[in-house]
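Trainee: Reproduced below are the annotations present in TrEMBL:
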type     : residues : note
SIGNAL   : 1-21     : signal peptide
TRANSMEM : 47-67    : transmembrane segment
TRANSMEM : 88-112   : transmembrane segment
TRANSMEM : 118-136  : transmembrane segment
TRANSMEM : 143-159  : transmembrane segment
TRANSMEM : 171-191  : transmembrane segment
TRANSMEM : 212-234  : transmembrane segment
TRANSMEM : 259-278  : transmembrane segment
TRANSMEM : 314-334  : transmembrane segment
């Protein structure tokens, strides 16, 4: 595996991930009704955006079917049982978690700036660490607790600076900002649960990442569409601004070229993003993935600044630095020399502890 190949994977992941976040936020900012009136209606369809994401993931099934021949050859020497037939329905469990997490984050994205949205998602490692202790009986060292404290502080600082960094402060009132961040934090719980399901599935069955993501997309799209129809029948059809108004959602999408084009970009970018993510997971370690994701967060912020969606805020920069430092220290990308380590942190290192990121063999991560 050459360096240019790894570099191309990392570059592709950063670019497609940034494009996906920015395109989703851009779609939220598109006016779809009463654009010339005093109260223009923006495209606010988080359920439809969740469906778009799953359709993009489902597209990876095409790549999986092309790669199925080589995967079958390598699985001949694998003691794990193939995940085929009716067994693939188990992938609906992580898909349901993905539905909840993605929908909550899409709602949150309508409430907060895109950079705050991206940075607040860094709180995922906190939930993963807690789940590792509760469900996997792992031990968190003092150094890792200190790194998590930096992440919490960083997310808090970013959240507090979010309202000031917005160009239109009235669009992001304090209650909206806090509510958006709380929704993202709740979404991280479902996302961490999704990772637990995926970890269990990939340890028990012989399944390649393309198959996992593709079938999750299939079941996710199926369940989301079903819930969409049920929600529309119960109450969505009565309110044109409801998240579950199926007719209004598709009318808004197909009657506005900008929304339709951004939908195509969202689906294509999430498919490419997941391909690059699964490839990096296969060839690199969790530390590398964490570093790459940090670069993506920085790029999202730079793009939102260049587009004029936000103003530069030094406090937000400080929060971002704290978030990055905590994440990289937690994942071992930054090694602090013993001479600079406080004594109470050195005690753990002398005991030869194993980092959670090394002991949890997470074979797939889509950031």
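Cβ atoms here come from the backbone N, Cα and C positions, even for glycine.
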Trainee: For the transmembrane segment (212-234), I need the partner stretch with the highest count of C-beta pairs below 8 angstroms, choosing only from 47-67, 88-112, 171-191, 259-278.
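Mentor: The listed stretch sharing the most Cβ pairs with the transmembrane segment (212-234) is 47-67.
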Trainee: Take the C-beta pairs under 8 A between the transmembrane segment (314-334) and each of 47-67, 143-159, 171-191, 259-278. Which stretch has the highest count?
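Mentor: The stretch I would name here is 143-159.
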Trainee: As a test: from 88-112, 143-159, 259-278, pick the stretch that has the greatest number of Cβ pairs under 8 Å with the transmembrane segment (47-67).
Mentor: 259-278
